[in-house]
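All remarks here apply to the structure that follows.
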Amino acid sequence: MPSYTVTVATGSQWFAGTDDYIYLSLVGSAGCSEKHLLDKPFYNDFERGAVDSYDVTVDEELGDIQLIKIEKRKYWLHDDWYLKYITLKTPCGDYIEFPCYRWISGEGEIVLRDGRAKLACDDQIHILKQHRRKELETRQKQYRWMEWNPGFPLSIDAKCHRDLPRDIQFDSEKGVDFVLNYSKAMENLFINRFMHMFQSSWSDFADFEKIFVKISNTISERVMNHWQEDFMFGYQFLNGCNPVLIRRCTKLPEKLPVTTEMVECSLERQLTLEQEVKQGNIFIVDFELLDGIDANKTDPCTLQFLAAPICLLYKNLANKIVPIAIQLNQVPGDENPIFLPSDEKYDWLLAKIWVRSSDFHVHQTITHLLCTHLVSEVFGIAMYRQLPAVHPIFKLLVAHVRYTIAINTKAREQLICEYGLFDKANATGGGGHVQMVQRAMQDLTYASLCFPENIKARGMDSKEDIPTYFYRDDGLLVWEAIKTFTAEVVDIYYESDQVVQDDQELQDFVKDVYVYGMRGRKASGFPKSIRTKEKLTEYLTVVIFTASAQHAAVNFGQLFLGMYPEEHFIEKPVKEAMARFRKNLDAIVSVIAERNKHKKLPYYYLSPDRIPNSVAI
């Protein structure tokens with residue numbers, strides 16, 4: 001009788017193992033086997049991290065194995081089981097891989113296909129078409145869209161983390177990490193100990209140092225020592241945590257009535273301000289988004305304020321970008337003066353502090369929350385709803401949305417919810433942060449997520465003119481590496497543009513992002529469909545770059561881009577493409593390390609060895 005060797009790998013995360021009964025059935029082109037209990041005598045099967053092998057003998061030839069059914073039945077108490085993969089050695093000696101990387105909860109059953117990525121057009125067998133359809137029907141019931149707040153991108157329909165589908169919840173240790181990191185952040189900020197400092201006037205700038213006393217590294221120490229200086233203020237717009245707002249000024253705005261006479265002492269080329277603008281030496285950061293946003297009123301004992309500054313900057317002869325004029329609100333007038341470096345020391349310093357405060361609010365709520373976390377969640381939900389696990393695009397993207405939906409759900413529970421951390425610690429809490437996202441959504445575009453286009457649109461693309469914009473330099477290298485890799489994957493599975501157009505699952509994925517994520521807003525420029533391999537490559541690059549590199553640049557992570565611990569792809573050409581991708585990333589690491597060697601202020605946020613795959617890792 002035909003005999004198969006079944007190898008089962010259990011996950012290594014906490015509580016991944018199970019004591020339940022595990023049954024296996026084989027579905028082949030010539031028939032289906034009986035259920036087989038996978039059990040070895042005097043052995044504790046399916047322990048955490050275990051790889052167990054079993055011999056399964058069937059009564060008759062099954063033909064080509066098409067599906068594997070895994071069924072879990074209660075032994076004593078219900079416990080979840082994390083199945084990584086199953087490999088099958090057939091009677092003729094062939095090996096078939098069945099990736100899973102999923103939890104089986106309670107008394108459940110999952111049906112697995114072999115690991116070869118397939119488009120819908122590649123499936124000609126009825127049972128495989130049926131499996132594909134049922135998987136998406138089940139997922140679409142589990143992954144439902146919900147409006148958390150009007151005007152926001154739609155998010156997952158779950159009130160709290162435990163309501164999420166089991167497969168996208170944090171593993172136990174990751175959940176503990178979240179709690180510990182949340183607590184650590186509170187400890188670092190001394191929120192409890194120094195809360196009175198936020199509720200009363202500060203008497204000395206040294207109070208800043210008390211808050212950040214526990215955050216110590218080369219960069220933080222240098223910033224702490226030089227934060228009052230103009231060059232550091234300008235540098236942070238280029239390579240700080242929010243390097244996406246600065247743009248080249250092509251025309252002085254009427255709402256900022258700065259004259260040459262006002263800034264003459266800052267200009268070093270003996271030119272008028274208008275001439276400096278024409279030569280490309282003037283830059284601007286406009287916080288118009290904050291104009292009219294309500295300041296936090298959740299604590300009746302504390303008055304909080306917001307500004308909506310406009311900051312003009314100048315590239316001096318040393319190629320340093322420094323501030324030369326600051327107006328704290330949008331409408332000019334006697335009550336809204338323009339502050340200058342020639343003003344009294346503390347007037348100018350306080351004007352810069354107001355700008356930095358505004359930058360913090362935009363960074364946290366828009367650059368970080370909206371443009372990486374919420375956008376990545378949109379891609380993740382659409383992926384789970386419209387792409388079956390066998391689809392090559394699912395296999396490509398799943399690592400880049402890992403835990404994204406979970407961490408965003410936790411954020412809605414604990415951080416940005418009513419009475420959450422934003423309300424306690426931010427001047428935009430109490431609803432201001434919600435207003436900001438609603439307003440920013442009107443300007444969020446697909447083009448703004450395409451890194452090279454974004455850089456060019458802001459006039460920041462010339463390395464010769466702006467040599468110290470490392471966020472741009474490193475970001476372009478990483479973007480191109482990702483794009484090269486995604487292009488290789490697209491070439492493997494899509495023979496032509498017509499195949500892209502005919503892939504209905506792909507088109508449904510893209511449409512879901514547009515209709516639900518971007519709320520069907522035509523001005524967003526998000527595509528409703530994709531018609532060419534080139535555009536598909538760009539779209540996938542946007543998804544991966546946003547979740548990994550862009551998030552790292554504005555948040556800074558600790559795991560690695562290009563590492564795929566879950567092997568969803570089994571095909572040799574894709575594995576070879578992954579190897580080339582890692583090699584390209586390693587070369588970028590070397591380039592960045594060499595540049596940073598002699599920098600007093602090294603920039604490594606976009607070094608691939610420090611970029612996490614997703615926003616939540």
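Backbone N, Cα and C define each Cβ position, glycine as well.
Keep in mind that TrEMBL annotations are predicted by a computer and have not been checked by a curator.
For 2-118, the entry in TrEMBL reads domain 'PLAT'. TrEMBL lists G17, D79, D80 with the feature Ca(2+) 1 binding site. The feature Ca(2+) 2 binding site is assigned by TrEMBL to D39. Here TrEMBL flags W103 as site 'Essential for stabilizing binding to COTL1'. As annotated by TrEMBL, domain 'Lipoxygenase' applies to 118-564, 565-617. Annotation comment: TrEMBL describes H368, H373, H551, I617 as Fe cation binding site.
If you count neighbouring Cβ atoms within 10 Å for each of the binding-site residues H368, H551, the highest count belongs to H551.
When Cβ atoms from all protein chains are considered, those within 10 Å of the residue listed as 'Ca(2+) 2 binding site' total 13, not counting its own. Taking the C-alpha atom of H368 (Fe cation binding site) as reference, the shortest distance to any of the recorded positions D39, D79, D80, W103 belongs to W103. Counting in whole angstrom, H551 (Fe cation binding site) lies 28 from W103 (site 'Essential for stabilizing binding to COTL1') by their C-alpha atoms. Cα-Cα distance from the residue listed as 'Ca(2+) 2 binding site' to G17 (Ca(2+) 1 binding site): 14 Å (rounded to the nearest whole number). The Cβ of D79 (Ca(2+) 1 binding site) has 17 other Cβ atoms within 10 Å, all protein chains considered. Of all the recorded positions listed here (G17, D80, W103, H373), the one with the fewest other CB atoms within 10 A of its own CB is D80.
Here the C-alpha separation of D79 (Ca(2+) 1 binding site) and W103 (site 'Essential for stabilizing binding to COTL1') works out to 10 Å. Summarising model confidence by region, the domain 'PLAT' (2-118) averages a pLDDT of 90. The Ca(2+) 1 site is set by G17, D79, D80; from the centre of their CB atoms, other residues of the chain with a CB within 8 Å are F15, A16, T18, D19, D20, W81, Y82.
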